[in-house]
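Feature list (source: TrEMBL):
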type	residues	note
DOMAIN	47-115	domain 'NADP-dependent oxidoreductase'
ACT_SITE	Tyr79	active site, proton donor
SITE	Lys108	site 'Lowers pKa of active site Tyr'
DOMAIN	121-281	domain 'NADP-dependent oxidoreductase'
Amino acid sequence: MLARSVLLPTCLKALPARGFACKVCAAAAPPQPKQRLNNGLEMPLFGLGTWKSKGGALETSVRTALESGYRHIDCASAYSNQDTVGKTFQEVFAEGTVARDDIWVTSKLFNKDHARVREAWPVLKPSIKETWQDMEKLVDDGLVKSIGISNFSVKKTQHLLGYARIKPVANQVELHPYFRNCATADFCQAENILITAYSPLGSNDSEQMFGREGIPKVLDDETVLSIAQDLGWTPAQVLCRWSLQHGYSTIPKSVSPQRIRENLEVVGMELPAKHFDQLNNLEFQIRMLDGNFTTGPNTPYPTINELWDGEVPEENLKRRGLVAA
Ligand code: NAP
């Protein structure tokens with residue numbers, strides 16, 4: 001991704017128009033929702049996240065996802081596991097269950113790799129403009145079909161649009177009911193840049209990594225739990241469906257085959273307007289991944305506010321001692 005990472009989705013083909021049989025349960029999986037992007041290609045909206053997954057658990061999760069109907073896998077060189085994802089792809093494709101052409105693979109260029117766009121495909125020296133121009137060359141040379149951005153604020157996106165020869169197809173950002181990220185989401189939707197919602201379940205398994213102990217979890221939110229109870233869904237399904245129903249590409253991570261299938265079920269569900277609105281109005285807002293560890297005196301973004309161009313909930317600033325708690 002650019003700036004705070006440039007996203008390199010390598011799209012292959014759109015999904016078949018009809019549904020397909022799930023290899024595991026033999027039932028017909030519903031057709032996958034997809035979105036036509038600003039470059040004319042279609043992206044399957046629901047995907048599997050792979051950050052933090054590794055080894056055998058990652059292999060099982062990618063295999064389960066492909067066999068149960070996922071057609072979009074979200075990766076990054078910074079996750080240090082793309083070799084395992086690739087190996088699993090090869091095995092599944094060789095078995096003939098799923099064809100490579102049917103899969104959308106997103107990969108990303110991490111901040112520190114901006115100077116090596118080609119090798120890293122999917123901090124600080126080259127400008128975002130130079131990095132984007134290198135990425136545009138990847139499209140020119142047929143190495144990827146689509147390019148996008150990640151963690152771009154409205155300000156950074158506007159700036160990039162000022163010089164981009166190829167418009168980003170997507171902006172992958174943190175997004176869930178505890179961080180609706182409205183300014184960026186509204187801006188990108190108006191610009192026909194698809195929003196991909198990362199950490200749609202609140203990224204519980206990165207809690208310790210980023211010292212978030214004690215911060216409320218969206219999966220445990222009382223409104224989410226009560227909606228789940230009303231509808232007979234799981235809380236994760238409520239969150240995934242809310243995101244998908246906004247039109248966002250949604251990429252929950254799981255290494256549990258049961259949860260991977262459970263999450264995908266939302267493509268055939270509908271959140272009633274009443275519940276949808278309740279989730280659109282939750283007061284508590286926080287960036288679970290506030291990137292504070294990347295800020296500091298010798299970085300391009302000395303403060304958290306500069307990092308996100310002011311798009312930081314009050315709660316994050318309080319946590320960082322930047323406003324009175
Ligand atoms: P997430 O998808 O919000 O949450 C993952 C956590 O939820 C894991 O602990 C997982 O546990 C659990 N989970 C999954 N399904 C569940 C279910 N049905 N019920 C209860 N718990 C469930 O977190 P994330 O990994 O931060 O975000 C998703 C993906 O977005 C990443 O994997 C990555 O691909 C992408 N991402 C991109 C960026 C970026 O900067 N561009 C940043 C963060 C994330 P189990 O695995 O044990 O099931």
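Including glycine, each Cβ sits where the backbone N, Cα and C put it.
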Spacing of the two Cα atoms, Tyr79 (active site, proton donor) and Lys108 (site 'Lowers pKa of active site Tyr'), in whole angstrom, works out to 10
Can you count the other CB atoms that lie within 10 A of the CB of Lys108 (site 'Lowers pKa of active site Tyr')? 27
